[in-house]
């Protein structure tokens with residue numbers, strides 16, 4: 001039986017690490033910033049849940065500040081231009097759906113796809129993070145579960161009416177996630193995060209969310225692998 | 001509710017099964033995809049005991065493939081097992097058997113160090129390797145199949161290949177205490193463990209595989225290897241009973257020789273049909289009734305409401321525990337597969 005290789009110690013202050021961190025940290029900061037705006041937009045679209053959604057938006061704002069501190073702690077300047085470009089397509093799809101009043105698509109993009117991706121990435125990051133970032137990230141990931149839960153509960157309550165739009169929005173947006181992941185595969189590797197583990201954790205989290213909403217195993221297997229082969 | 005964590009025997013097999021079950025997204029994919037694939041509950045099971053009691057279970061496909069070990073994608077292999085366990089626990093399954101390579105990977109890579117999986121704290125009491133029941137069933141197969149082939153145990157030499165493993169050592173203890181087997185040949189790779197086992201049993205010859213095979217009337221194959229091994233049937237005694245306790249079971253197709261009988265080891269037959277699809281997939285001869293004994297152990301633990309890790313760790317299988325699980329195995333209508 002082959003043996004597990006010992007993991008190599010990470011030098012958080014090496015130039016290679018800090019260079020990769022400047023992009024990954026920026027993505028996280030930009031992701032939290034866009035999440036703040038997305039929940040504010042959802043609060044307008046869903047007046048019944050207005051206050052709850054604004055509270056979720058404020059949490060995302062606090063996460064952003066936490067991750068900015070992680071970058072400062074390693075004396076890294078986040079490459080925000082890279083990050084804005086990184087999210088451009090997904091962000092554009094959210095804004096377009098919001099402008100058309102497509103709440104279900106907006107929830108799928110922000111409350112399911114982005115939250116599941118954040119949870120997967122943060123969970124994979126925690127064991128390989130520096131001590132400062134680990135504490136921040138552990139706090140954040142707990143909040144993100146509650147955000148995911150908001151989307152799940154809303155979509156579960158409106159499952160039949162949302163199902164077709166969810167499937168279509170999944171088809172349009174999930175392939176973007178795989179492409180985004182490919183873009184940062186090398187940087188994530190430098191941080192000790194393996195792409196196949198990220199994909200697996202995302203698919204687990206996303207699959208659980210779809211199951212809670214009401215999809216069958218067969219539908220989940222189809223939806224959560226959508227576009228993966230082509231990526 | 002009971003659970004079974006299983007996996008398919010190769011990438012080709014996995015692709016074919018995915019195609020048969022109607023999952024084209026999985027069917028066309030190579031090993032990279034399976035290394036990222038999440039665990040899935042793909043079967044719902046109902047089992048009725050001959051006592052009339054009915055229980056429900058779930059089959060969790062871990063998406064592990066033996067190629068992951070062969071190509072040294074160890075992290076992927078270990079993730080599959082841990083994630084399948086977390087999946088089972090999250091779905092409220094009380095007792096789950098770690099089938100095929102799952103328990104071997106768990107043991108070999110010390111996965112008991114991993115308690116926290118995302119937002120799940122693994123409760124190892126909810127899992128069993130199923131090895132006690134497997135060891136019991138193989139021991140009973142030896143006792144019952146040998147006379148059917150004209151082999152008298154009290155005159156027989158029994159070679160146990162993989163003797164120091166969890167299942168192998170349990171079988172050795174049973175043969176030692178419960179039978180009058182004439183001679184035991186202990187075959188394994190680790191000399192230190194072999195000597196410790198020989199010391200514990202107070203008997204048994206330590207031999208290499210090549211030395212042991214031609215001397216044995218009964219060969220018990222319980223070594224864990226991702227790849228198979230070549231056995232030349234012409235060098236075996238005749239008659240010879242070969243009990244293949246490995247996974248996948250391939251000695252039967254490789255060894256076809258008059259006088260050598262290959263019996264699928266660690267397989268039980270239930271007295272009543274089981275409502276499930278999964279045993280079709282692993283090519284059992286009678287899919288509604290035949291299953292791995294390790295899977296049956298989780299059913300037995302559920303029937304008896306012994307929601308505990310009955311089989312856990314390495315080399316803890318005592319004859320008393322084998323008798324205990326054997327008693328409820330008979331009670332609920334399971335019997336060892338025979339020739």
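A Cβ is built for glycine as well, from the same backbone N, Cα and C atoms used for every other residue.
From the candidate list A:60, A:200, A:208, the residue TrEMBL records in the Fe cation 2 site shared with A:115, A:147 is A:60. Record check, TrEMBL: Fe cation 1 site residues include A:60, A:63, and the candidate from A:32, A:34, A:81, A:85 also listed there is A:32. Contacts of residue A:32 (Fe cation 1 binding site) defined by a Cβ separation under 8 A and a same-chain sequence distance of 6+ are given as A:60, A:61, A:63, A:64, A:67, in order along the sequence. Compared over the binding-site residues A:63, A:147, the count of CB atoms lying within 10 A of a residue's CB peaks at A:63. Packing around residue A:60 (Fe cation 1 binding site) is summarised by its Cβ count: 24 other Cβ atoms lie within 10 angstroms of its Cβ, all protein chains included. All protein chains considered, the CB of residue A:115 (Fe cation 2 binding site) has 27 other CB atoms within 10 Å.
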